[in-house]
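Taken straight from Swiss-Prot:
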type	residues	note
ACT_SITE	163	active site
ACT_SITE	198	active site
ACT_SITE	272	active site
ACT_SITE	275	active site
ACT_SITE	298	active site
ACT_SITE	307	active site, O-(3'-phospho-DNA)-tyrosine intermediate
DOMAIN	14-101	domain 'Core-binding (CB)'
DOMAIN	123-320	domain 'Tyr recombinase'
């Protein structure tokens with residue numbers, strides 16, 4: 001685990017505060033925490049003690065106030081520590097003060113309560129360029145049933161922005177027989193898929209013409225992989241493995257990565273990259289955030305807004321390349 005403070009905050013560490021040692025013993029013998037977790041707590045509390053000596057000199061740690069904690073947090077943040085790491089430190093400190101309050105009447109308030117770590121910047125999802133996406137769709141080698149299936153899988157991911165779990169759950173068509181009922185299905189004639197997404201929310205997504213062509217080609221060879229005595233879960237599955245079983249998530253991930261390399265796509269390609277690429281390219285083309293939200297099945301528009309950052313990056317790049325006053329001399 002990386003340290004929770006810059007190196008200069010860890011030089012010449014002072015002996016542990018007696019109550020910190022007692023707290024670590026309680027974590028070890030009463031809560032039976034692992035050595036790894038104990039070491040993490042010890043590091044975070046050592047940082048508290050070192051920063052306390054700097055920003056609250058002459059004040060016992062047990063008497064620190066919220067403004068002391070905020071100054072310490074600002075020091076950690078200014079030293080380049082991530083919001084997640086600061087949150088971990090605050091959690092350890094908060095736990096120590098809670099423990100103290102149960103044992104020392106003089107500790108009447110927890111100075112860490114109500115203090116939150118700064119938010120770390122959201123990691124933007126990776127997306128293929130349009131050229132890379134086209135290469136992945138059009139340059140997959142082979143014409144055996146598995147290769148034809150893989151092209152249909154890729155086209156459907158990119159056309160509909162489906163989650164991996166949604167795609168593997170697709171049936172050939174809506175089916176209900178005995179105890180079996182389709183949760184998600186393809187309607188190729190209507191050129192749409194109906195999927196059961198997160199939170200058991202069902203949505204219908206249109207299928208593009210290229211994906212429809214790839215699906216028709218796959219359906220023509222699918223009988224070569226189908227098994228006559230298959231269980232309903234496999235018999236109704238849209239995508240089958242070489243053994244006639246419903247195609248598994250791991251199989252899709254492995255083959256997609258291998259096919260991407262064969263197509264000369266340098267990015268680390270996996271199903272979610274195609275979902276991100278779908279969203280990014282749709283937003284760049286339409287600018288309709290609400291429509292992209294509906295297509296992706298996001299419950300909140302906030303989940304979709306991350307793609308506006310990607311769109312701005314795209315626009316900024318085009319500006320830098322095209323605007324005569326933006327070009328570097």
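Keep in mind that glycine also has a Cβ here, set from the backbone N, Cα and C atoms.
Projection of Swiss-Prot feature records onto the structure.
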| residue | record | DSSP class |
| --- | --- | --- |
| 163 | active site | coil |
| 198 | active site | helix |
| 272 | active site | helix |
| 298 | active site | coil |
Checklist entry - 163, 198, 272, 275, 298: which of these active-site residues has the highest Cβ count within 10 Å of its own Cβ? => result 275
Next on the checklist: Based on DSSP, tally up the residues of the domain 'Core-binding (CB)' (14-101) by helix, strand and coil.
Outcome noted: 68 helix, 0 strand, 20 coil
Item to check | Cα-to-Cα gap, residue 272 (active site) vs residue 298 (active site), nearest whole Å | outcome: 14
Next on the checklist: Looking at the domain 'Core-binding (CB)' (14-101) alone, can you tell me the average pLDDT?
Outcome noted: 92
Checklist outcome for this item: Nearest by Cα to residue 163 (active site), of the active-site residues 198, 275, 298, is 275
Next on the checklist: Between the Cα atoms of residue 275 (active site) and residue 298 (active site), what distance do you get, rounded to the nearest Å?
Outcome noted: 12
Checklist entry - Cα of residue 298 (active site) to Cα of residue 198 (active site): how many Å, rounded? => result 8
